[in-house]
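Visitor: Have a look at this one before I ask anything.
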């Protein structure tokens, strides 16, 4: 009796192909990045790259893409139209103007302290300036009583103010001095004492403005009169004789106009009445400027950018519907220029700095638009470090 031997059927091409496809899908499933959906949500379909990865449009070190692959233009247009009038007010381009070109560099105008510091409480008293200490260690008191604050009831003060003290040449003449006990004068010594009990000078807005306003009356005179007035000498002997005739007379307040204090006017920037007396100030700043790190500025309309949480998102930027243009400043080179020789063991390089800018972007699920902060290059800084 002969036994028949059963041979296994040969593998067909279809079976081999099916096995290959199954293996390929299995390997792809294990090597592909995990889906971006959380807690059973469907994978995100509107992202330039999965979380933790960089899209192919971004070069190494870049935080934005001007042209992103698979940019959802149609979806973004429909969502912008859904917003309606809000899109026109929320989507704003950055301007091309430079701050240095529009900044105001002139000397600020000096105003009355009352206009600079308005009263916080309407029912409270008006602001009469800060209570600074006098040059001799006292604290001036505020004037009491009502009336118009722009005018002083008593034109002469018992004790000189600090400004009058500086403009009167020290505040004393011929050895006279103020007595701190009786308020009188004595001829012994050269020191100045002020009665600081109740002899303080009240605030006067007229004198405040008079210090800083130039005297325009001399501008209207003839040039020869102004020159004669400046050249005319002062008879000092006659002035000393008049003071000796009245030794017991109290020391009067200096009648010199405080607006002629040239030190103060030079600080403010007011021109002198006589051009011959004008003092020229030499500028100490170097005329030219040089930068350590050269930069290139450009305005971009990014379609994808890296947000502050480290994820790449699609940014709303469609030329005809909605545009968000931002400024980027990139380092032109990696080495610092215009530097002196560095010590041994130190090197310098230009380092790119970034800032966060708030833009409107597309949500990962494509349902709506939202605002987010993205990183953009802002400046280039020269850093010196040890090797």
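The first residue you see is number 1, and the count goes up from there.
Glycine residues also receive a Cβ, built from the backbone N, Cα and C atoms like all the rest.
Okay, these came from Swiss-Prot:
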| type | residues | note |
| --- | --- | --- |
| COMPBIAS | 237-247 | compositional bias 'Acidic residues' |
| COMPBIAS | 276-286 | compositional bias 'Basic residues' |
| DISULFID | 293-350 | disulfide bond |
| DISULFID | 331-380 | disulfide bond |
| DISULFID | 340-382 | disulfide bond |
| REGION | 133-197 | region 'Disordered' |
| REGION | 219-256 | region 'Disordered' |
| REGION | 269-291 | region 'Disordered' |
| SIGNAL | 1-29 | signal peptide |
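Surface or core, plus neighbours and distances: that's what I need for these features.
Guide: Taking Cβ-Cβ distances under 8 Å and a sequence separation of 6 or more, the neighbours of residue 293 (disulfide bond) in its chain are 331, 332, 333, 336, 337, 350, 380, 381, 382.
Under the three-state DSSP scheme, residue 380 (disulfide bond) falls in the strand class.
Its own atom aside, the Cβ of residue 340 (disulfide bond) has 4 Cβ atoms within 10 angstroms in the protein chains shown. Residue 340 (disulfide bond) falls within neither a helix nor a strand when secondary structure is assigned with DSSP, and so counts as coil.
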Visitor: By a simple count, how many Cβ atoms lie within 10 Å of the Cβ of residue 350 (disulfide bond), its own Cβ left out?
Guide: 19
Visitor: Give the number of CB atoms, excluding that of residue 331 (disulfide bond) itself, located within 10 Å of its CB.
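Guide: Within a 10 Å radius of the Cβ of residue 331 (disulfide bond) lie 20 other Cβ atoms.
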Visitor: Which has the fewest other Cβ atoms within 10 Å: 380, 382, the disulfide-bonded residues listed?
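Guide: Fewest other Cβ atoms within 10 Å, among the disulfide-bonded residues 380, 382, is found for 382.
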Visitor: How would DSSP class residue 293 (disulfide bond) in three states?
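Guide: Where residue 293 (disulfide bond) sits, the three-state DSSP reduction gives coil.
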